[in-house]
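Over in TrEMBL, the protein carries these features:
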DOMAIN    B:68-250  domain 'ABC transmembrane type-1'
TRANSMEM  B:20-38  transmembrane segment
TRANSMEM  B:75-98  transmembrane segment
TRANSMEM  B:110-134  transmembrane segment
TRANSMEM  B:140-160  transmembrane segment
TRANSMEM  B:197-222  transmembrane segment
TRANSMEM  B:228-249  transmembrane segment
Amino acid sequence: MRRILTATALGALVAMPAMAQDTTTINAVMPKQRSANYFPLIVGEALGYFEEEGIEVNLLPSDTPIPFVNFLRNGQADIAMLDSAEVLQAIAAGVDLNVIYEVMQTAPDGIAISGDSSITDVEELAGETVGLVSDRDRVTMQIALDARGMTEDDVTTVVVGEAGPTLAAAFRDQTVAAIAGSGPDWLAIQANGIPVKLITPEEVSNKPGNTFAVMASTLEEKGDAIEGYLRAWSKGMYVAEVDPEVVAQIARTAVPEEWEDPEFGQQYLNNAIRLNVSVTETLGGLNTETWSAIQPGMQKFGLIDEQVEPDRFLQPGPVEAANDFDRAEVEEEVAAWREANM
Amino acid sequence: MSDEGDLGAVAAKGRTRGIVARHAGILVALVAAWEISCRMGWLDPLFFPYPSAILLGFWRLYITQGNIWPHLGLTMLEVLVGFLAGSALGIALAVCVGMSDRLRRYLKPYVVVLEATPRIAIGPVIIAAFGFGWTSKTAIVMLVCFFAPFVNTLNGIVGVEPEKQSMFRSMGASKVQTFTKLLWPSALPEISAGLRLAMASALGGALVAEFIASNAGLGVLITQYTGTLNMASAFVCVLTLSALGYFIFRGMEELDRIVVFWSDGDRTDAMSRRRKAAWRAKMGTTS
């Protein structure tokens, strides 16, 4: 009995510093709920990386037409996942926004056609009807057409909607010649046995897909917490490089809805890993050249009025902190988790 | 008398069984026709999954995975809290407006304009104003649940015959007495109808809120399942909502029968019979 009491007292003493540590809530606004699509978050939570940093992530999934920047400005969100157009438009509007991390370094946007279609290139779409998953995908189509010396006037466009069945029927029945959207849009369709081919010109993919952005004032006030958030995210991302099966197992538990069809779940995760794992050596690294290169096209299609120097909004400091972790330690933790749970 | 009552109860039970059997028969026939149509290729399983797959989905979501429960619980909680808050506000405001001509003149046009504005358009604005949490979702359900009780309460109070009000005045009734003894009881059937309408809309309001911004709830689950083309599971959620809506509505009808008993002839008769029997028992007489 005495031994048990001593062990309990020792355990309590060891646990005390962790309990005493204040937890900071980071309000993160993103387009979707917890999903394999953002596996670094669910992996980071499952392996306790956010907790280690003293952070609790309050995910704010939003499907509103209100720009996410507004939630940063009114203080409802500390950090937002924004695409490159949203970032540049906010900067052009004078918002004191900092891009601190590139979540997806290649854009998931693309042009897809039915697997049975005879079309092989975007230039063959002249005179055809092109479906847009949402109106936001119009610029993807514009850039793709521009890459082949065409304009929007060369095709007829129609918004087919984000609903899975409608989109799947459009592919299967070929009611439109091609669809402009992003990877996750047609992943479900492929996984359900409807063949899809991509004819995306390189110019479309060659831009940052999603970034983490914060207001400059938030970075001053909550700098340590934001860095901790990014470090936990990076560790979660790194786990996919170390052991993708562990990521799959965590996703199965965290988001069972995406794994009712195991084949779909695996394909969805594979695509998410392809998009989320950084191509640069530094996880989440900011690519100044790409940010400069995408602006002429955006200006041409009226997304931005004028180009801005990337130095004005790229803030590389937090990226360094996000990579400041011991990779060997993560590898050991992953092995231990596998041992205990798989 | 007792025998007649027993016979009546047996007959009523028989009628209920007959109705249930007829409805069950119609349901089975419809489901069978649906299944056959899917198997024959007349219905597109992309939009109408096999009923057998939906049945398996029910087993999966409710029993083996059990993942629907927290979502269902949250949606029900949003519906309940939003309904209570929205209808309480609607009734309270309608009482104030109904009792004051001046307030009615000033406030009613704004309420009508707000009523005419589509909720789906207001949703994002509410999210932006109140944030992503519980408050904004409840606010959306509240907004949806506000109008029917407001309009019905107002109509009920304003619609009380002036002669009755004059009679109360002539008998020296105070404002409170006029309200509690005349206006409120007279308006109660209409208020109850408004509450039924509000409850039926509350589910829609909660779904709108969940579609716009939420981490959990049946709306989120439907979005996830349709996004992954898992239509059988999406139908499980939709059918759950339909069943929920049906039981809520029937529950409200039952509550209405109990609270506003005088609007139901059968119930009024039954109550009269009970009171008559009680009175006779008290006086020591028999029929």
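Heads up, the Cβ atoms here are built off N, Cα and C, so glycines get one too.
When the stretches B:110-134, B:197-222, B:228-249 are ranked by Cβ pairs under 8 Å to the transmembrane segment (B:140-160), first place goes to B:197-222. Long-range Cβ contacts of the transmembrane segment (B:228-249) within its own chain (Cβ-Cβ under 8 Å, at least 6 residues beyond either end) map to 45-50, 53-54, 56-58, 60-61, 68, 71-72, 75-76, 79, 196, 199-200, 202-203, 207, 218, 221-222. Sequence-distant contacts of the transmembrane segment (B:110-134), counting only residues of its own chain at least 6 positions beyond either end whose CB sits under 8 Å from a CB of the stretch, comprise 93, 140, 143-144, 147, 150-151, 205, 208-209, 212-214.
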